[in-house]
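Just below is one structure, and these are the notes that go with it.
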Amino acid sequence: MARTKHTARKSFGGKAPRKSLATKAARKVFPVDGQVKKRYRPSSNALKEIRKYQKSTELLVRKLPFQRLVREVAQEIMPNVRFQSAAIQALHEAAEAYLIGLFEDTNLCAIHAKRVTIMPKDMQLARRIRGERG
(Lines of atoms letter the chains of each structure in order from A and count residues from 1; the text may use other names and numbers.)
(Lines give C-alpha, C1' and ligand atoms only; values in the text may rest on other atoms or scores of the structure.)
Protein backbone atom coordinates (compact mmCIF):
# COMPACT_ATOMS: atom_id res chain seq x y z
CA MET A 1 0.00 0.00 0.00
CA ALA A 2 1.36 3.40 -0.97
CA ARG A 3 2.20 5.95 1.66
CA THR A 4 0.44 9.31 1.50
CA LYS A 5 1.35 12.60 3.09
CA HIS A 6 -0.90 13.84 5.86
CA THR A 7 -1.36 17.58 6.13
CA ALA A 8 -1.93 19.24 9.45
CA ARG A 9 -5.55 20.18 10.06
CA LYS A 10 -7.13 22.55 12.52
CA SER A 11 -9.13 20.81 15.17
CA PHE A 12 -12.61 22.07 15.94
CA GLY A 13 -14.16 21.46 19.35
CA GLY A 14 -13.27 18.63 21.63
CA LYS A 15 -11.49 18.81 24.94
CA ALA A 16 -8.17 20.54 25.33
CA PRO A 17 -5.27 18.33 26.43
CA ARG A 18 -4.61 18.37 30.16
CA LYS A 19 -1.60 20.24 31.46
CA SER A 20 1.09 18.06 32.92
CA LEU A 21 1.96 18.17 36.60
CA ALA A 22 5.35 19.66 35.76
CA THR A 23 3.81 22.81 34.31
CA LYS A 24 1.41 23.11 37.24
CA ALA A 25 4.24 22.76 39.75
CA ALA A 26 6.35 25.31 37.90
CA ARG A 27 3.49 27.81 38.05
CA LYS A 28 3.22 27.71 41.88
CA VAL A 29 4.84 30.65 43.60
CA PHE A 30 7.13 29.87 46.51
CA PRO A 31 7.79 32.73 48.94
CA VAL A 32 11.33 33.59 50.00
CA ASP A 33 10.85 32.51 53.64
CA GLY A 34 10.19 28.91 52.59
CA GLN A 35 6.51 28.62 53.51
CA VAL A 36 3.99 27.85 50.80
CA LYS A 37 1.22 30.45 50.73
CA LYS A 38 -2.23 28.86 50.87
CA ARG A 39 -4.40 29.91 47.97
CA TYR A 40 -8.13 30.04 48.69
CA ARG A 41 -10.80 29.09 46.19
CA PRO A 42 -12.61 32.08 44.65
CA SER A 43 -15.95 30.99 46.14
CA SER A 44 -14.59 30.91 49.69
CA ASN A 45 -13.06 34.37 49.22
CA ALA A 46 -16.41 35.70 48.02
CA LEU A 47 -18.19 34.22 51.03
CA LYS A 48 -15.59 35.70 53.38
CA GLU A 49 -16.08 39.10 51.75
CA ILE A 50 -19.88 38.82 52.09
CA ARG A 51 -19.58 38.05 55.81
CA LYS A 52 -17.16 40.95 56.28
CA TYR A 53 -19.45 43.50 54.67
CA GLN A 54 -22.58 42.16 56.42
CA LYS A 55 -20.89 42.61 59.81
CA SER A 56 -19.60 46.11 59.09
CA THR A 57 -21.62 49.30 59.51
CA GLU A 58 -19.40 51.75 57.62
CA LEU A 59 -20.55 53.24 54.34
CA LEU A 60 -19.28 51.47 51.23
CA VAL A 61 -19.52 54.35 48.75
CA ARG A 62 -16.72 56.88 49.31
CA LYS A 63 -17.78 60.24 50.73
CA LEU A 64 -16.19 62.68 48.26
CA PRO A 65 -17.36 61.02 45.02
CA PHE A 66 -20.87 60.78 46.48
CA GLN A 67 -20.76 64.44 47.53
CA ARG A 68 -19.65 65.49 44.03
CA LEU A 69 -22.49 63.50 42.49
CA VAL A 70 -25.08 65.09 44.80
CA ARG A 71 -23.79 68.58 44.03
CA GLU A 72 -23.74 67.88 40.28
CA VAL A 73 -27.36 66.67 40.29
CA ALA A 74 -28.45 69.58 42.49
CA GLN A 75 -26.77 72.11 40.17
CA GLU A 76 -28.92 70.91 37.27
CA ILE A 77 -32.11 71.42 39.28
CA MET A 78 -31.25 74.56 41.21
CA PRO A 79 -27.98 76.48 40.74
CA ASN A 80 -26.16 78.05 43.71
CA VAL A 81 -27.57 75.56 46.22
CA ARG A 82 -25.60 74.81 49.39
CA PHE A 83 -25.62 71.69 51.55
CA GLN A 84 -24.93 71.16 55.22
CA SER A 85 -22.60 68.25 55.87
CA ALA A 86 -25.36 66.55 57.88
CA ALA A 87 -27.68 66.74 54.86
CA ILE A 88 -25.14 65.05 52.60
CA GLN A 89 -24.51 62.43 55.30
CA ALA A 90 -28.27 61.73 55.52
CA LEU A 91 -28.53 61.42 51.73
CA HIS A 92 -25.51 59.09 51.75
CA GLU A 93 -27.05 56.81 54.40
CA ALA A 94 -30.41 56.73 52.60
CA ALA A 95 -28.84 56.00 49.21
CA GLU A 96 -26.77 53.12 50.57
CA ALA A 97 -29.75 51.66 52.44
CA TYR A 98 -31.79 51.80 49.23
CA LEU A 99 -29.04 50.13 47.18
CA ILE A 100 -28.50 47.38 49.75
CA GLY A 101 -32.23 46.61 49.83
CA LEU A 102 -32.40 46.59 46.04
CA PHE A 103 -29.45 44.19 45.78
CA GLU A 104 -31.03 41.90 48.39
CA ASP A 105 -34.26 41.76 46.37
CA THR A 106 -32.25 41.29 43.17
CA ASN A 107 -30.42 38.36 44.73
CA LEU A 108 -33.74 36.79 45.74
CA CYS A 109 -34.94 37.11 42.12
CA ALA A 110 -31.78 35.38 40.88
CA ILE A 111 -32.18 32.58 43.44
CA HIS A 112 -35.82 32.19 42.40
CA ALA A 113 -34.61 31.69 38.82
CA LYS A 114 -32.26 28.95 40.15
CA ARG A 115 -29.15 31.05 39.56
CA VAL A 116 -26.47 32.45 41.84
CA THR A 117 -25.40 35.27 39.51
CA ILE A 118 -27.51 38.41 39.49
CA MET A 119 -28.39 39.86 36.10
CA PRO A 120 -29.96 43.12 34.91
CA LYS A 121 -33.28 41.33 34.40
CA ASP A 122 -33.30 40.40 38.12
CA MET A 123 -32.87 44.05 39.08
CA GLN A 124 -35.62 45.08 36.65
CA LEU A 125 -37.95 42.47 38.14
CA ALA A 126 -37.15 43.54 41.71
CA ARG A 127 -37.89 47.19 40.85
CA ARG A 128 -41.09 46.22 39.07
CA ILE A 129 -42.32 44.16 42.02
CA ARG A 130 -41.49 47.05 44.36
CA GLY A 131 -43.61 49.33 42.16
CA GLU A 132 -40.84 51.74 41.23
CA ARG A 133 -40.99 53.77 38.05
CA GLY A 134 -38.10 54.89 35.88
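Placed from the backbone N, Cα and C atoms, the Cβ positions cover glycine too.
Positions annotated as region 'Disordered' by Swiss-Prot: 1-25.
The annotation N6-methylated lysine is assigned in Swiss-Prot to LYS5 (among others) on the grounds of similarity to another entry. Secondary structure from DSSP puts LYS5 (N6-methylated lysine) in coil. Close to LYS5 (N6-methylated lysine) in the fold, though at least 6 residues off in sequence, lies no residue with a CB less than 8 Å from its CB.
Sequence annotations record features per position, and here Swiss-Prot assigns N6-acetyllysine to LYS5 (among others).
Taken from Swiss-Prot, the feature N6-acetyllysine covers LYS10 (among others), and the record attributes it to similarity to another entry.
Residues annotated as N6-methylated lysine in Swiss-Prot, with similarity to another entry given as evidence: LYS10 (among others).
Taken from Swiss-Prot, the feature phosphoserine applies to SER11.
As annotated by Swiss-Prot, N6-acetyllysine applies to LYS15 (among others).
Per Swiss-Prot, N6-acetyllysine is recorded for LYS24 (among others).
Taken from Swiss-Prot, the feature N6-methylated lysine applies to LYS28 (among others), supported by similarity to another entry.
What Swiss-Prot lists as N6-methylated lysine is LYS37 (among others), and the listing cites similarity to another entry.
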